[in-house]
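Presented below is the structure to which this report refers.
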């Protein structure tokens, strides 16, 4: 006999976008095989857009442009072989490319008060769910805002638009085939807000008044062009225009005032859209004479337990007449009340005070006096104790250079011996180069630590350094040390030390810390810059750069922290290197809403549920559907990676109770379940049997069992349900026994056996790897017996 034909490569399922080409192909072992193609059990003939090809051992079915009608189960038969596969037509939501580019690249601009309508037509498999979001929150209809949704478009309408409507919007189109998200920006322009107040009086005299204000907090979406200043005399109703200032100037001086008269001033901001409401001042009086300005804070000359002497300088602004003297005030450190030291102005700019309490700490201030009165007071002096000065501190001990490089030296020392001087309040560090005799202070204020790094030194240079201890009596005796600065190291271009373990996409749970450490090398030390979405980091983020690493730290991550982060290193030569990574802040999803069950097709159940609230901020959320067949049974997965809110379960067995639950999932985990309360049951139909009376006794019609349709091999995935079927003939009707690896399954509750008029089925619920093996069905009656065998293969979910 001729050798049989075998299948070298079977058909494989294909998923294809609507409108794209598709191809099914299989390979046989013989060249002379003539194949026939079937779709959903019907033989295919040539039709427009569908062709059949044979290239040697390869048989192909080619569809030039896939439409919905092409979805289905395809079978190829040729010789002794059969192979099947499905074509799934994916038709996700789509928007015209030109419209999509215009929406995403150019902001939608409207003037305040105008009605805004943004219409987005779309195509794709229905139903398409359209959602509009602003600042991650779904938009709902209100008195001004309405969202319209049809089968062909969605539209956002905003009546009487306002500045608060500005922002980033997102449109999410979703169906069974996928999700399309569109990001767009709406800008509403308006006249500016009033300038920021209050209006300050910078200068006031008998002949002119100078006022000052701040720019408006909101410029209306258009830059401020100028400011209009007006004046009103107290008691009058009319406002008199005084003039305009350019946008960069927020002060105005007017000489259109009368001595001893009071006025109000107001300022308006102007942009291309109009003039703002006014900012008004308090009442301002044009004083007859100008008082002096504030002197600088007084200085402490000396202090003891009985007296404190201070001195000061004349103010830079003396007013409209000469200064005749000064008033001095004092207060105890930590209090707010100033007490006069002298009631009569003194002409001298130095004062010795005796009315003091020993041991208390005081502050002093001074005000100048002229014919117009007492001027503004100075700032407070440095605090000083009313006590005798202590002994100067001794010399610091063991001063040495602990480390150095080409541009810095680090010094360490120990405190002076207690017996050599008084208490130490801090230390002063000074330096000079070998070609300079002048000592320069390195620290502005005394430091408490016993170590200090002097930076900004020149390579290959000799420096002298000294340290003094300081207390209330002043600095003590200096200790000196010299240091020779090393040669500058070779220049190393900045380079980020990114290895294979560095992640370019980070998923962070909301509330957790975002911590990213990037090592680098460069010489000299580079400037390290961090950006988020191309802009400076928000204030919540902190960066710490030291010892060749730079770390980004954001505590308690929020959803707004999602985005693209970039770290860039650059040295003085202009060479730079950068690394970018994505951060997605997410959280464990919230539970889906209530579940509804309905039967759209006989012997199936369609499970629908309200979406999880987490869909509003989670792009990669999906659902898993589980079922069990009693209130105490095990939950088994029947559907996973579901990106819609609907699932149809088809493998129902009449007479059983089914319970369903749905959980939402993302990269961080699973939500709590949403479950059905009442079971879903399909009643088992009783077969109607009609008995006809035997009219006559014929010949013996007994026949031994025979398999009309034998068992076929099955390949299923772990956790799914497997149904193995065959058809048996014979008279009397044969009895059926099922075996697995020669073990009788009749009494095993894990298997469900049926025999409906010779169609015999074995149902394996929630298969596991242990269910893999050879299955055999035995049919027998009083005339004989017959067997059929097939192998069940179990594949993992991956």
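Just so you know, glycine gets a Cβ as well, placed from its N, Cα and C.
As annotated in TrEMBL, region 'Disordered' covers the listed stretch 376-401 rather than the other ranges in 350-375, 376-401, 402-427, 428-453.
Under DSSP, residues within the domain 'Fibronectin type-III' (294-393) fall into helix, strand and coil as 0 helix, 41 strand, 59 coil. The DSSP breakdown of the domain 'Fibronectin type-III' (395-490), given as helix, strand and coil counts, is 3 helix, 49 strand, 44 coil.
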